[in-house]
Amino acid sequence: MAVAATTFVTCFAVSAAGGTWWGGLTWPYISDTGREPPEAYVFGVGLTLASLLAAASATSQRRQLLLTKSWLVPVAIESGSSGRSVCGCLPVSAMITGGWLAHLAALPFGITVGWVSTRTSIIVHFIGALGFFFFTLVAVACNTLAVGGLVRLGASWLYTSLVIKRVLFVCAAIAFVVHVVIGNIIVCESPNDDGVFDYRGCLAEQHVITVSQHAMVYLFLAILGTYALDKLGLGEGTSYDSGSSPLELSLSSEMSSDGRTQSAVVTSESDSSSST
């Protein structure tokens, strides 16, 4: 997440300082800030690293969520919980794996966008961008549904993360629709010269699309940031890597608390007997 954000900010600053033409836009498309060298090299390396790190994070996230599910299912079955499926039809494990596969599918598209600019190939660049946005949207949707299923199974420590994911995902989905769907319907044709587009024919509409693009990308990054909250078990102050599940730690805490209470009662009774 930090790598991608740093790449975008750096490319924006370098392209602005170098006088790169953004087609008449005040707020440019992300790709236009990484179209010309030297920022193009930063753009390619940065998006490659960000895509690889996102895939690695998704792989770690899949392991953690499946491990959490393995802790929760026996308890849920014993208590008769009905939260084993997402939306009443898809198992949680399928959504976890589906999100992971979607992240992996987005990987080559992200690398393509980084290295193939509109100067190199407009079609390849647009396909790369569309594929990256689509598969990332599917990935974060699956992750949000999967965490919701785990919360219904009893993972109360994931509830805060789930709320954050839902808010961010709704906003990202709206930005996706504005940028990809509405953008391709209402925006006028922009002429290009060797991959450099001139957007001055419809600046207002283009600025709506560029702002929605930036919003969508940064919302995706924020959702990826919530993966760290899932791993830490926000609200429980514990890490899954500690070797004990949050459920086990919670039960241990309750048992310790009960033990202290019983000890206090015994001590109190003993003191009363002595005074008598």
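Placed from the backbone N, Cα and C atoms, the Cβ positions cover glycine too.
Noted in TrEMBL for the protein shown:
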COMPBIAS  242-256  compositional bias 'Low complexity'
COMPBIAS  263-276  compositional bias 'Low complexity'
DOMAIN    3-230  domain 'CWH43-like N-terminal'
REGION    239-276  region 'Disordered'
TRANSMEM  40-59  transmembrane segment
TRANSMEM  92-116  transmembrane segment
TRANSMEM  122-155  transmembrane segment
TRANSMEM  167-187  transmembrane segment
TRANSMEM  207-229  transmembrane segment
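Between the transmembrane segment (92-116) and the transmembrane segment (40-59) there are at least 3 Cβ pairs closer than 8 Å, counting only pairs 6 or more residues apart in sequence, which means the two stretches are in contact. Beyond the ends of the transmembrane segment (207-229), by six or more residues, the same chain brings 1, 4-5, 8, 25-30, 54, 57-58, 60-61, 133, 136-137, 140, 143-144, 160-161, 164-165, 168-169, 171-172, 175-176, 178-179, 183, 187 to within a C-beta distance below 8 angstroms of the stretch.
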